[in-house]
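Visitor: Sharing the features that Swiss-Prot gives for it:
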- 51-81: domain '4Fe-4S ferredoxin-type 1' (DOMAIN)
- Cys61, Cys64, Cys67, Cys110: [4Fe-4S] cluster 1 binding site (BINDING)
- Cys71, Cys100, Cys103, Cys106: [4Fe-4S] cluster 2 binding site (BINDING)
- 91-120: domain '4Fe-4S ferredoxin-type 2' (DOMAIN)
Amino acid sequence: MRRVMVLFGVVIAGVKGFMLTLVSMFRPKVTLRYPSEKGPLSTRFRGEHALRRYDDGEERCIACKLCEAICPAQAITIEAAERGDGSRRTVRYDIDMTKCIYCGFCQEACPVDAIVEGPNFEYATETREELMYNKEKLLCNGDVWEEALDFRIRKNRPYY
């Protein structure tokens, strides 16, 4: 009698397993085929850094060095020079992406929205030196992602 009960329990467990599989076969898929399919990103996602420009092509950074001062990882290095009209601009703007912790403090501290963390999360490299971003690389990122960056900034600041 005991063997019959054990056998009955095994059969019931098997039927339950098959039912679970059968039900899940007709549910919508939740798996993304990553390289070809990408999931949605939050407008507040913090990815690869970029320096933005004004509409006339001039860089936004005014060399106030607030981002350098607030960076907890000390990943940002800025050198500034004064221009003929009395304003300052950056001569050197470097970010060591191997040190960066993607906290977003630099973006929050910037009074002119010059430094932002963009939507790009695919920036793997083969060497460590490629993760040392200079001003030209950051401006290039800003030019490539400007439309998405502008949308994200407007979306996160509804009261301005």
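Keep in mind that glycine also has a Cβ here, set from the backbone N, Cα and C atoms.
Mind mapping these onto the model and telling me what they sit next to?
Guide: Mean pLDDT, taken over the domain '4Fe-4S ferredoxin-type 1' (51-81), works out to 95 on the 0 to 100 scale.
Within the same chain, residues at least 6 positions away in sequence whose Cβ sits under 8 Å from that of Cys67 ([4Fe-4S] cluster 1 binding site) are Ile76, Ile78, Phe105, Cys106, Gln107, Ala109, Cys110, Ile115.
Note: Cys71 ([4Fe-4S] cluster 2 binding site) has non-local neighbours Phe105, Cys106, i.e. same-chain residues 6+ apart with C-beta under 8 A of its own C-beta. Annotation note: Cys71 ([4Fe-4S] cluster 2 binding site) sits in a coil segment as assigned by DSSP.
Note on the domain '4Fe-4S ferredoxin-type 2' (91-120): residues 41, 45-52, 59-62, 64, 66-67, 69-81, 128, 131-135, 138, 141-142, 145, 148-149, 152-153 of its chain, located 6 or more positions outside it, place their CB under 8 angstroms from a CB of the stretch.
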Visitor: Around the [4Fe-4S] cluster 2 site (Cys71, Cys100, Cys103, Cys106), what further same-chain residues have their C-beta within 8 angstroms of the site's C-beta centre?
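Guide: Sorted by sequence, the hits are Cys67, Ile70, Pro72, Ala73, Ala75, Ile76, Ile101, Tyr102, Gly104, Phe105.
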Visitor: Cα-Cα separation of Cys64 ([4Fe-4S] cluster 1 binding site) and Cys100 ([4Fe-4S] cluster 2 binding site), in Å?
Guide: 20
Visitor: For the binding-site residues Cys61, Cys100, which one has its C-beta crowded by the most other C-beta atoms within 10 angstroms?
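Guide: Max Cβ neighbours within 10 Å, all protein chains included: Cys61.
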Visitor: Give me the non-local Cβ neighbours of Cys103 ([4Fe-4S] cluster 2 binding site): same chain, 6+ apart in sequence, Cβ-Cβ under 8 Å, ordered along the sequence.
Guide: Arg46, Pro72, Ala73
Visitor: Cα distance, Cys100 ([4Fe-4S] cluster 2 binding site) to Cys61 ([4Fe-4S] cluster 1 binding site), nearest Å?
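Guide: About 19 Å separate the Cα atoms of these two residues.
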Visitor: Please report the number of other Cβ atoms within 10 Å of the Cβ of Cys106 ([4Fe-4S] cluster 2 binding site).
Guide: 24
